[in-house]
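Remarks on the structure that follows.
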Amino acid sequence: MDRQFKRTLITTALPYANGPVHIGHLAGVYVPADIYARYLRLRGRDCLLIGGSDEHGVPIALKAKAEGCTPQEVVDRYHELIKRSFEGLGISFDIYSRTTSDIHRRTASEFFKTLYEKGEFVEQTSEQYYDEEAKQFLADRYIIGTCPHCSNDRAYGDQCEACGTSLNATDLIDPRSTISGSAPVLRETKHWYLPLDKHEPFLKEWILDGHKEWKSNVYGQCKSWLDMGLQPRAVSRDLDWGIPVPVEGAEGKVLYVWFDAPIGYISNTKELCPDSWETWWKSEDTRLVHFIGKDNIVFHCIVFPAMLRAEGSFILPDNVPANEFLNLEGDKISTSRNWAVWLHEYLEEFPGKQDVLRYVLTANAPETKDNDFTWRDFQARNNNELVAIFGNFVNRALVLTHKYFDGAVPPKGELTDCDSRTIEEFAAVKQALEHQLDTFHFREALKEAMNLARIGNKYLADTEPWKLAKTDMNRVATILNLSLQITANLAIAFEPFLPFSSAKLMSMLSTDCPFGWDRLGSTDLLPEGHVLGNPELLFEKLEDSVIDAQIQKLQDTKLANEKAAHQAAPIAEDIAFEDFLKLDIRVGTVLECEKVPKADKLLRFRIDDGLSGRTIVSGIAKHYAPEELVGKQVCFIANLPPRKLKGIESEGMILSAEDADGSLRVIMPAAEVAAGSQVK
């Protein structure tokens, strides 16, 4: 950070209020944001940490429909749960509000109207699916159908969750409404678009030239989007849950949630600081920092800055230190499959151990690549680092002081070379910590803080005061004085990371007033004669039985998912026998098979069909290596019209069966038959 700012505004991605918060959210966004905010406050810097719940959009409307309640009831329930969970973990928001608040509705509406009146939107008419039975337009998640890539018949109108392909609703085969189950029809509808292409030259200069210091994963994703060329993006949609578009002729339309949600940062600041919010959002002396996950990079680095620039009076983000994803026990976290460690459950099952989770998530943070959380690693880091290094040193320093000096800080005598080296080592921690925290390297910063405890342990091991107590109490006094100064330094260094443990440590040191960051590295934090509190265990060892219970909990979830997946899908509606006879299903021999360039999921087949041969593209690359299928016989539908996939004309569909775990298995004849044989 070359430029000096007077204040820092820190925002965190708004969690979606249709479910609880899990460890992936925490590791990606909220723990690092809280560490940074606590660090700045400890340094005496003027900063705000802004948070809130994202409460509009299709998933919330769908959840309400499934539960037979209103969307407002859904968001009320989860907003309170999320807010309590954050408080329980010590996420120190200056405000945690919500996008259903009156002030947010007004702020988002005014923002839209400002851009509308300035002519910053373009109006476009497009075709969108409409449910004639329900008499409403269908947003992408209100439509399901068959994925054209992997044949999953439960793909949504925006994405197939089986193969991960992004889709448009019109890509789906046999689309149907999730509301009525009927086949929707295409109807024209008008929407407003933010012309991102208009802002592309500015964004290229601002990001690619002006922010080369951004994290490589953030900069790289932005560059990729800019290199592909930006397209206009709809800011409205046909939906009955959200903030109504505030212009005439927009009945039944609401602000798209991606446009609505980031304005929540502004409205939440207005709610907190009604008289001074503009200082935080419109002053060039304010530094704006967005903490987000990688799925929000484009919105916060390209779309939201384009919105702010179009409005004209707001500052732009100075940094967006986005993290990658955290996996769980080797598998992607999934809320729909309940494959997660939920924060509210953790707080109930591990009372008083908030800092253990904060420590593990920071030590294993997915800062530049996806990382994995395992319960065995959680246990090992607690037992081998927090207990054996940090807690062990603090306990020895305090217990020995109580034993030899009745719990009072002993005088510091003449320093030896060992003392001087130790002082020099722990004094250097401050600068190392500042460098890592200022550049958003929280994992490395935590290592530097823990290094301070390692310095203390080594010092006690080298000096062995328990042996010197028999012959040289003056030397013991100096050793324990320095050990206590290191202990007090640990309370400062760990406050951003482990606030509960730092507060407990301050209590054991009998110090009510917290030390400022500027005193980190000092050797006079605790004056001679200061009486310490009673020593307690700062951390407790986690037994195997505790961890085994958590692993079993996940195993039970996995078994439940497999059981649910094994239930056969409902039988489709009857069709006429004549319609079935129209399908020409044949057996072909695979002559060639290769991956399609720039398409992770697609394989290109050259098939001997007993005639002139044909090319078929199939979305099974994640389930087979190409060489596995060469020479094998497969079943395929031969009379589908050709369809281009990634520029390759596909002349049919290879038939596969989907297993309970989502894997695909190509259907093959039990014994070899002549190429081109029909399936009867």
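Cβ from N, Cα, C; glycine included.
The list of residues near the motif ''HIGH' region' (15-25) in space but at least 6 beyond its ends in sequence, with Cβ under 8 angstroms from a Cβ of it, reads 53-55, 57, 59-60, 63, 74-75, 78-79, 81-82, 85-86, 98, 293, 325-326, 328, 333, 335, 340-346, 357, 361, 373. Residues or ranges marked as motif ''HIGH' region' by Swiss-Prot: 15-25.
Sequence annotations record features per position, and here Swiss-Prot assigns Zn(2+) binding site to Cys147, Cys150, Cys160, Cys163. The Cβ of Cys150 (Zn(2+) binding site) has 23 other Cβ atoms within 10 Å, all protein chains considered.
The motif ''KMSKS' region' annotation in Swiss-Prot covers 332-336. Residues of the same chain lying 6 or more positions beyond the ends of the motif ''KMSKS' region' (332-336) and with a Cβ under 8 Å from any Cβ of it are 19, 22-24, 161, 325-326.
DSSP assigns Thr335 (ATP binding site) to coil, not to a helix or a strand. Taken from Swiss-Prot, the feature ATP binding site applies to Thr335.
Summarising the annotation, Swiss-Prot assigns domain 'tRNA-binding' to 579-680 and lists sequence analysis as the type of evidence. When the domain 'tRNA-binding' (579-680) is classified with DSSP, helix, strand and coil residues number 7 helix, 42 strand, 53 coil.
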Remaining residues near the recorded Zn(2+) site, that is with C-beta within 8 Å of the centroid of the site residues Cys147, Cys150, Cys160, Cys163: Pro148, His149, Ser151, Asn152, Ala155, Glu161, Ala162, Gly164, Thr165, Lys601, Gly619
Residue distribution over DSSP helix, strand and coil in the motif ''HIGH' region' (15-25): 3 helix, 2 strand, 6 coil
Cα separation, Thr335 (ATP binding site) to Cys163 (Zn(2+) binding site) (Å, whole number): 17
Integer mean pLDDT for the motif ''KMSKS' region' (332-336): 90
Among Cys147, Cys150, Cys160, which are recorded as binding-site residues, the nearest neighbour of Thr335 (ATP binding site) by Cα: Cys160
Cβ contacts of Cys160 (Zn(2+) binding site) (under 8 Å, same chain, 6 or more positions away): Cys147, His149, Cys150, Asn152, Leu167
Conformational class of Cys160 (Zn(2+) binding site) under the three-state DSSP mapping: coil
